[in-house]
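**Q** Before anything else, here's the structure in question.
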Ligand SMILES: [Zn+2]
Ligand SMILES: [Zn+2]
């Protein structure tokens, strides 16, 4: 599945200082849908190069990391259960640093 | 945005903004738990700030007001909102952006770029004041002289006074600084953890100038040399609380505000620095002591056991803050960094 992932507010520093990643994520074997939960695992494995604890806490993002799916706060789409579709844009912004 | 229409189905059927009932909601306001659209968010946010400004009589027509501009999100939002409201409601303010350049090579490059963009976007004149202008020393000069060990002391002390000194240099009536609720809640919590009720009472007040040191807009910028772990834990704790209950952050701020009432009678005594006139509990304020040391080639002066800052936590990373914009009146500007918060 083709997705655009954007990292901001300092999170880009965890993935080689690249803010925008056009990625191709394989669907998990058993299902035909990709959820945010799957995507976070994928990002953790494939994009985060250092200090993963700045991004992930437990099985979700660290508190203070804003997640937008197609410009909409993921709280409105079901957070980890949000299902992704082809060409979706997912943005992660850390609000923890820099006023 | 086109993709949004399809996406809203995921949330279990298309829901519309609670306010306009027209557009797709994009966020849930922690304050009200309302799901609202981008346009309505801007509208209620700006209107609330206008109401706060009016209710607290923050400005008078014709005043010269400096917006503390760090290039961060809070000051960028403040610059936008204030320039917008100034036009919309004819406040009659002479606004400009005031930025401090510490003189650390590379450190401010990005943020100064952002501030320059703000200058163009919002049509606000920009004044950059450097540590060199204010103190005669850049941070790089200081590091060259004292090494990396104690430079945070200098940076923190100088930073706390820089906005005031910059504003005095530019002859402004007021300084406004932008803070977000997370930062304020964090500061409230830290002041409680440090047992500092005097500071706690100040940190949620919307205007300062008659008492206590001034909140600083970029104190949440982590020092590149030494991130403050204690503050980091406090931040994570409140964000964890927020996850359980979105209103938790605003409630912490409310607690800080309510504490103020109970403690107004017990403020610490404050004099003024004999050298520069800022409020100081000592004869000379901390910045003046440090500067004297630098200028006399004794940079260790003022560092060490006697430093006031140690008692109250690290000298950098301070973030005494307000809800929404904070206004600092210059007429009564006599603050000093030596009483930190
Ligand atoms: Zn709306
Ligand atoms: Zn002084």
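Just so it is clear, glycine is given a Cβ too, placed from its N, Cα and C backbone atoms.
These came from TrEMBL, pasted as-is:
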| type | residues | note |
| --- | --- | --- |
| DOMAIN | B:65-200 | domain 'tRNA(Ile)-lysidine/2-thiocytidine synthase N-terminal' |
| BINDING | B:68, B:69, B:70, B:74, B:100, B:178, B:183 | ATP binding site |
| DOMAIN | B:271-301 | domain 'Cytoplasmic tRNA 2-thiolation protein 1 C-terminal' |
| REGION | B:309-341 | region 'Disordered' |
**Q** With the cut-off set at 10 Å between Cβ atoms, which of these binding-site residues ends up with the most neighbours? Options: B:74, B:183.
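**A** Counting every other Cβ within 10 Å of each candidate, the maximum falls on B:183.
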**Q** Considering only CB atoms and a limit under 8 Å, which binding-site residues from B:68, B:69, B:100, B:183 lie near chain A?
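**A** Among the binding-site residues B:68, B:69, B:100, B:183, the ones whose Cβ sits under 8 Å from a Cβ of chain A are B:183.
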**Q** By DSSP, what is the split of the domain 'tRNA(Ile)-lysidine/2-thiocytidine synthase N-terminal' (B:65-200) into helix, strand and coil residues?
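**A** Here the numbers are 79 helix, 22 strand, 35 coil.
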**Q** Taking B:69, B:100 as the binding-site residues to compare, which has the smallest set of other Cβ atoms within 10 Å?
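**A** It is B:100 that, of the binding-site residues B:69, B:100, has the fewest other Cβ atoms within 10 Å.
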**Q** For the domain 'Cytoplasmic tRNA 2-thiolation protein 1 C-terminal' (B:271-301), give the DSSP counts of helix residues, strand residues and coil residues.
**A** 10 helix, 4 strand, 17 coil
**Q** So if I draw a 10 Å sphere around the Cβ of residue B:68 (ATP binding site), how many other Cβ atoms end up inside it?
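**A** Taking every protein chain into account, the count is 28.
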**Q** Could you measure the widest C-alpha to C-alpha distance across B:68, B:69, B:70, B:74, B:100, B:178, B:183, the residues recorded as binding ATP, and give it to a whole number of angstrom?
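**A** It comes out at 20 Å between the most distant Cα atoms.
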